[in-house]
Amino acid sequence: MSGSFWLLLSFAALTAAQSTTEELAKTFLEKFNHEAEELSYQSSLASWNYNTNITDENVQKMNEAGAKWSAFYEEQSKLAKTYPLAEIHNTTVKRQLQALQQSGSSVLSADKSQRLNTILNAMSTIYSTGKACNPNNPQECLLLEPGLDDIMENSKDYNERLWAWEGWRAEVGKQLRPLYEEYVALKNEMARANNYEDYGDYWRGDYEEEWTDGYNYSRSQLIKDVEHTFTQIKPLYQHLHAYVRAKLMDTYPSRISPTGCLPAHLLGDMWGRFWTNLYPLTVPFGQKPNIDVTDAMVNQSWDARRIFKEAEKFFVSVGLPNMTQGFWENSMLTEPGDSRKVVCHPTAWDLGKGDFRIKMCTKVTMDDFLTAHHEMGHIQYDMAYAVQPFLLRNGANEGFHEAVGEIMSLSAATPNHLKTIGLLSPGFSEDSETEINFLLKQALTIVGTLPFTYMLEKWRWMVFKGEIPKEQWMQKWWEMKREIVGVVEPVPHDETYCDPASLFHVANDYSFIRYYTRTIYQFQFQEALCRIAKHEGPLHKCDISNSSEAGKKLLQMLTLGKSKPWTLALEHVVGEKKMNVTPLLKYFEPLFTWLKEQNRNSFVGWNTDWRPYADQSIKVRISLKSALGDEAYEWNDNEMYLFRSSVAYAMREYFSKVKNQTIPFVEDNVWVSNLKPRISFNFFVTASKNVSDVIPRSEVEEAIRMSRSRINDAFRLDDNSLEFLGIQPTLSPPYQPPVTIWLIVFGVVMGVVVVGIVLLIVSGIRNRRKNNQARSEENPYASVDLSKGENNPGFQHADDVQTSF
């Protein structure tokens, strides 16, 4: 037989083998899909029950259902790895196997997997049940929602905002710190066992595509694209930042630096994530009708159900389906009126088996009106890709899922749409001033959050990669916050805090870069859909409601789920394969032009050195080596604790003796910042149990003067080696080390020896005087002539004749 025949036969055998493998894989996946649907549903339902009723019983049921699902998935993942991907040509089968071959947390040992699950549950519970108490009324302890969020959204009281901001982080962040350290270690171990560099790399894997014809995309490319688009957005953000800073100076005179960063607790919510609630303070043309329709909603007696019904109408108007009957029956759209503890953070749920729900403690505000559109956008995506196999029921990437609802929010927020649904009066007319008002409100929500999102995820990526040691987490967090976002901490935070975890998404193990990518995608989608809807005019005035053509195009993309690369899905709608920030910049172009004119005489950018507490801070310099030489000790956390305690003691003494007040200052009331390795730092003092009540620097200086010697003695230093800059030295004597027992014994012994020597010397002198006196009377050796070589018998060589001590 010829060689070509054998080659053909081998190829046929190989093709048959591949065909057999592919058919077996299809059969395996069909069986998996059937079983996974039920087990996943039971796990999701138990999780829903826990999130809407936080009890020990429900967490136990959630853990049990989750364990069953995890065990099943682990087993199926191992089986999936027996099907070589190289032998699979059907892309739908191949993408399912690729997904299932990722083992997730099941690669961990049983003990570690259980510990990780315990940590995640604990972090979620701490976040959902944490409270902060009003220092002026300690019995008033508030949950985040409702309670603390109301303060952070509405209060203009600097100090009230500060105690709420700090109280949340001290109560929640500090509890989460040790858990988050374990979480990072375990998640990294899981990611590396799944062949990723670290957990951040694992998250970025959601964007990775192995495809042909230019549709491939790498994890490293995501980092490059995010950084590149951020440099393009930054000029717009810097001008928005400068404008907001000038307006905050009007509201909080003397509290804001005209060239510095913005205090983190003044930015509209608990995290400074969205600046939406700053609109009343920053509205450019206040005489114009208010485009925040919250008051109109209240006056028209809107409630949560009406809000979601209006959102549903919007989606239906573009040809997308109604919500299911089960959605309306099973969703939690308001906070329960009973005593149940719930997770209020808005989330959309695809439990499986056609069961779609939203969980949200809705309030009658324009912000929640837009949030309802966002969450319902998730549900529309879930319903659209329900036609896909179980493993492909997901967004093309995580950013796509977040973007869908935001597309609708862009249209729903326009004055034209608000007039259509009766929230703006029919007589409302748009002009250049109302246009700027509208765009500024949009920018506070959309542009203001981008650096926040970018910086948070950049910090987490660096933490997972090991580029920030845990001993420097908070130090680096606030360095990056100041440098990238232009936001400064209102009080310094040490390494006992975990400020990132005070945000829902961090405490609950969500990737966060999705909120950055979604913002880029949503404007790309909006521009494309507006073009399909035949919109004419500026992009920011486009309302795609009632455009069935736009809805049809969107639905085609939603139905794909994860069956195709996201690059292909993006191209299907917008005509390009990559993120492009140009539509976003085009949307805000009129505002950017206006902001540059407004900021013409203002400083644009921020000085990262300024701190809100700088005026009341005292700088300390410590010179251990020069003072103690080889006996110098190491300055560490324990020494800093002693310093803070010493200052607290000085404050107690001062208030007791000078002001006749008994105030229980403790070390936590002494706030240290700007610690340098050569031992210098700043500190200030707040009242006991009230971080917003800063003790005037002058009183702290008086307290230090009163107790200066005690403080010096605690560290074996003096005024020259323990310097409080700006406080005159007390001229107290240099430190005298305490006398120890062995020195006393040594002194006594040496004293006895010296006395003995003195006595011997005295007695020797007396004897010589007697001998000299005798020789002067008669010299027995006077006849000896030494010049003739005669020996003097009075000179003895023997040692025993010498006087000894």
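Keep in mind that glycine also has a Cβ here, set from the backbone N, Cα and C atoms.
The feature motif 'Endocytic sorting signal', as given by Swiss-Prot for the ranges 9-12, 585-588, 641-644, 781-784, sits at 781-784. Here Swiss-Prot gives motif 'PTB' for one range in the set 288-291, 560-563, 716-719, 792-795: that range is 792-795. Feature annotation from Swiss-Prot across ASN53, ASN580 places N-linked glycosylation site at ASN53.
Checking the candidates GLU335, GLU402 against Swiss-Prot: the one annotated together with HIS374, HIS378 at the Zn(2+) site is GLU402.
Matching TYR515, TYR516, TYR521 to the substrate binding residues that Swiss-Prot gives (ARG273, HIS345, PRO346) identifies TYR515. Excluding ARG273, HIS345, PRO346, TYR515 themselves, the residues of that chain whose CB lies within 8 A of the CB mean position for the substrate site are, in sequence, PHE504, HIS505.
For ARG273 (substrate binding site), the spatially nearest entry among the disulfide-bonded residues CYS133, CYS361, CYS530, CYS542 is CYS361, judged by CA separation. Each residue contributes its Cα atom, and for CYS542 (disulfide bond) and HIS505 (active site, proton donor) those atoms are 31 Å apart. For CYS361 (disulfide bond), the same-chain residues lying six or more positions away in sequence with a CB closer than 8 A to its CB are GLU145, PRO146, THR334, GLU335, VAL342, CYS344, PRO346. CYS530 (disulfide bond): 23 other CB atoms within 10 A of its CB, across all protein chains. Cβ neighbour count within 10 Å across all protein chains ranks CYS344 highest among the disulfide-bonded residues CYS133, CYS344. Of all residue pairs in ARG273, HIS345, PRO346, TYR515, the annotated binders of substrate, the farthest apart have Cα atoms separated by 15 Å. With a 10 A radius on its CB, HIS345 (substrate binding site) counts 18 other CB atoms from all the protein chains. In the three-state DSSP scheme, CYS133 (disulfide bond) falls into the strand class. In this structure the C-alpha atoms belonging to CYS133 (disulfide bond) and CYS530 (disulfide bond) are separated by 48 Å.
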